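Peer 1: Here's a structure for you.
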Amino acid sequence: MRKTKIVCTIGPASESEEMLEKLMNAGMNVARLNFSHGSHEEHKARIDTIRKVAKRLNKTIGLLLDTKGPEIRTHNMKDGLIVLEKGKEVIVSMNEVEGTPEKFSVTYENLINDVNIGSYILLDDGLVELQVKEINKDKGEVKCDILNTGELKNKKGVNLPGVKVNLPGITDKDADDIRFGIKENVDFIAASFVRRPSDVLDIRQILEEEKAEITIFPKIENQEGIDNIEEILEVSDGLMVARGDMGVEIPPESVPMVQKDLIRKCNKLGKPVITATQMLDSMQRNPRATRAEASDVANAIYDGTDAVMLSGETAAGQYPEEAVKTMRNIAVSAEAAQDYKKLLSDRTKLVETSLVNAIGVSVAHTALNLNVKAIVAATESGSTARTISKYRPHSDIIAVTPSEKTARQCAIVWGVNPVVKEGRKTTDALLNNAVATAVETGRVSNGDLIIITAGVPTGEKGTTNMMKIHLVGDEIAKGQGVGRGSVVGHAIVADSASDLEGKDLSDKVIITNSVDETLVPYVEKAIGLITEENGITSPSAIIGLEKGIPTVVGVEQATKEIKNDMLVTLDASQGKVFEGYANVL
């Protein structure tokens, strides 16, 4: 199973049902909606299509809303384009004007208060660089030297590297977009241009007011955000390393080390991290990635990222499906080369000690030492699965949760395969349900060794405190099956009706010699029936058929060989009984 998750930006090139199906089958785990572009109506249509296709394919796909953020842009230029020439001067005005080679304006009127003489102003992702020469606050104008020649079009981005900018945490548009996302039940918010913890708290306040359970991933895109990363992470659920604007705001040569540091900090806290921007940029135009791009994706995985993201490659590129397949193949190859024993050792040293982490690290070490097939995490909130994931075990992590929201939010967590299954109230029922669900995924089968981890008592969030090593059971008896289907339950041996009186039979398989009239009312309440009585026309077989209860008859010594409270799998189609949960699907 591929462990690194893939986030795909959905746009004109990928919004059709046909292409979304291809992306999901190719490996997309999370769909990103970029609210810098498009109306609510357009995004609503995309959300509906994504959910329709995901449901048809029975795939868990998370939805990520990426805010436009409090960015600075230029206003419009005369004829849509001007040329700024190196060596000349240009005025940046705080008052809106039609841009010319001599003067243009920006959307942020307080820029004049934030910059100083000598500050740099970068235009259009740094393609044109200006240096502040004079500041005239009376006129609201900043005179700059043009350091290199370049074109400037309408509404291009403006960056102020090294300048503390007093922009609001979120704009009115962001707030409207977030409320739209709440209404549409999105799973993640990627908050653009986060500089300080208060920016995240502004979003969290809206979520709390609306009682929305949406995880927040601040996008670190500037030096101020990097400087405040510890405090930002304290109030965040994850992080996006957005290298596009970051590479403009800080020197490009600093980006790789900043990326490693940000990912490491997230790994230490067990918070998911997405590495984004220009990962396979050339695949917008070409069907094959460059060698440098392949190395970039692989190195992000070696750094410890949970997810890698495609932007223009899937939103507007010519080869969206090929881009996802390429990213998937790079991830699988990179993961195969990992030294998971060393990785676990490094993570054990990195992560702080706590009760929950103690269970997590024990699970990971046990999984490695016993070479278990899978780790099955029964989880309400996703906390158990994230706790295991932070130690990067080689074994598959199967997160069994009753919450569709939790499942989608686990879709971005490294190594976690989320499955939605109705919750169980007792510990035994929870464990049985977890094993049964793991088998249903096809990743666990008869005879496999697995680890089950959960929090008990059940139903309480954030209480991971239990680990169980479990061997998926073997065949213990054989007879003649009646009906079809299979059930898993605890055996209850009955010589007569009195043995069943007053018992809860809702998860029980009745084991008896034969069925008479006194037993029928109890058989109706059970989930399965095993009898020593032989024959397809026997009373036991007839009752099983009439009541639609999976039944196996003609099992010799059933009442002696099968013990009370033993967990058994009854497979009516094959006439077999297994101890524990067996793969009979």
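Every residue gets a Cβ built from N, Cα and C, even glycine.
Keep in mind the model is a prediction, meaning the values are calculated, not measured.
Swiss-Prot feature annotations, pasted as is:
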BINDING   Arg32, Gly244, Asp245, Thr277  substrate binding site
BINDING   Asn34, Phe35, Ser36, His37, Arg73, Lys156  ATP binding site
BINDING   Asn34, Ser36, Asp66, Thr67  K(+) binding site
SITE      Lys219  site 'Transition state stabilizer'
BINDING   Glu221, Asp245  Mg(2+) binding site
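Describe the structural context of each listed feature in the structure shown, including burial, neighbouring residues and relevant distances.
Peer 2: According to DSSP, Thr277 (substrate binding site) sits in a coil region rather than a helix or strand.
A simple way to gauge crowding: the CB of Phe35 (ATP binding site) has 24 other CB atoms within 10 angstroms, across all the protein chains here.
Neighbour count (other Cβ atoms within 10 Å of the Cβ, all protein chains): 25 for Asp66 (K(+) binding site).
With a cut-off of 8 Å between CB atoms and residues at least 6 apart in sequence, the same chain places Asp66, Gly69, Ala190, Ala191, Ser192, Phe193, Val194, Met240, Ala242, Ala276 near Lys219 (site 'Transition state stabilizer'), listed in sequence order.
Glu221 (Mg(2+) binding site) falls within neither a helix nor a strand when secondary structure is assigned with DSSP, and so counts as coil.
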Peer 1: Show me the subset of Thr67, Glu221, Gly244, Asp245, Thr277 whose Cα is within 10 Å of Ser36 (ATP binding site); these are the binding-site residues I mean.
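Peer 2: Those close enough are Thr67.
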Peer 1: Taking Cα-Cα distance, which of the binding-site residues Thr67, Glu221, Gly244, Asp245, Thr277 are within 10 Å of Asn34 (ATP binding site)?
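Peer 2: So far as Cα distances go, the binding-site residues lying within 10 Å of Asn34 (ATP binding site) are Thr67.
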Peer 1: What is the interatomic distance between the Cα atoms of Thr277 (substrate binding site) and Glu221 (Mg(2+) binding site), given in whole Å?
Peer 2: 11
Peer 1: Using only the residues recorded as binding ATP (Asn34, Phe35, Ser36, His37, Arg73, Lys156), report the maximum Cα-Cα distance in Å, whole number please.
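Peer 2: Per the listed residues, the maximum Cα distance equals 17 Å.
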Peer 1: Whole-number Å only: compute the distance from the Cα of Thr67 (K(+) binding site) to the Cα of Phe35 (ATP binding site).
Peer 2: 5
Peer 1: Asn34, Ser36, Thr67, Thr277: which of these binding-site residues has the highest Cβ count within 10 Å of its own Cβ?
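Peer 2: Its Cβ has the most other Cβ atoms within 10 Å: Thr67.
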